[in-house]
Amino acid sequence: MTDVSIASCPKLTMRNSISLPQNNQYVIGIAPTIDYTTFTVNTHKNIYIYDTNTLQPLQELIGHRDTITEAKYINQNTLLTSSKDKTINIWDVRASQQPAKTINLPSAILSFDVNSTQTVLAAGTELIGEDAIIYLWDVNGDKLCAQFPDSHSDDITQISFQPNTDCKMITGSTDGLISLFDVTSLNEDDSLQFVITAESVNTLGYFGPEYEYLYSLSHIETFSMYTSDEGDIVNEFGDIRPLLSHPELPINYIIDCHYDDINQRLYLIAGCENGDIGVFHVGASTIQLCGLMKGSHTDIVRACTWNHEHNFIITGGEDSKICIWTE
């Protein structure tokens, strides 16, 4: 890490905070609406919606029977959530506490994404027997259009479509493989473009002005960057924690990676066991501390989202607390 004094590093101010209705719940994920006026928080079992300005709870959504694994908005009022109960629920958050539609799939769903034209939904499953499957769902036809059972041999933890195309998709798994597909073809062999051998994939995404790069965070806190057209290595940092740690900020884990498409910058968000958080700018070969969030969370932080236009960050963690931070 570039030597930056903790004392001189910008400190974000905790603007507002609230605790979950049940104090023994962990915040697992945070999903903002497109304009960030509201956001959704999911624990293992519950889904809550909050007003961003006031942190007023707006509603609780009820519809999954097992662990909720992911949540994301595809437009201002449509939320998708996946679960180990083998479903993806589609919610109109204006209308009801119950899902507007449920997609039933044969296996527990760990990850999903929808392409830019909202015509294809891809979902990744946990390993059942010898199979971990990528399902492709035709949104317009409301039917399963393909399944890829051979590309991964363990839990599929990440799926992401390239934002500026409707057909390129990356998947990551605990088998240590990152696969890139072009789903113009629904044949698995023809669709698979290349495979990167990495570590067990925890977080995976695109970045760059044309989304020409990939980042990957592993479950053992290694961090790597690749080109998205061929999978060539840009940099492999290895275990990122020693590079981020400072005596006054002993980093133990990575919370997430965020790409600021306004300023075209990549950031790592990392945490300490006591709940303190560091924000780090990632260059091609350097990582620099550029922000601190301290003194509010008291336990491990599990989720965050960053509004780069209005420059605030929402965090949530194992202390059952949700915080909003500003400069």
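Yeah, the Cβs are placed from backbone N, Cα and C, and that goes for glycine too.
Just so you know, TrEMBL annotations are computer predictions that nobody has curated.
Packing against the repeat 'WD' (61-101) from elsewhere in the chain are residues 28-29, 31-35, 38, 40, 42-49, 107-114, 118, 121, 123, 126, 137: each is 6 or more residues past its ends and has a CB under 8 Å from a CB in it. Per TrEMBL, repeat 'WD' is recorded for 61-101 (among others).
What TrEMBL records for 149-191 (among others) is repeat 'WD'. Across the repeat 'WD' (149-191), DSSP classifies residues as 4 helix, 22 strand, 17 coil.
According to TrEMBL, the repeat 'WD' annotation covers 294-327 (among others). Residues 10-20, 22-32, 36, 39, 41, 50, 52, 55, 252-253, 255-256, 258, 260-263, 267, 269, 271, 273-277, 279 of the same chain lie 6 or more positions beyond the ends of the repeat 'WD' (294-327) yet place their CB under 8 Å from a CB of it.
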*Check the repeat 'WD' (61-101) for me and report the mean pLDDT.*
95
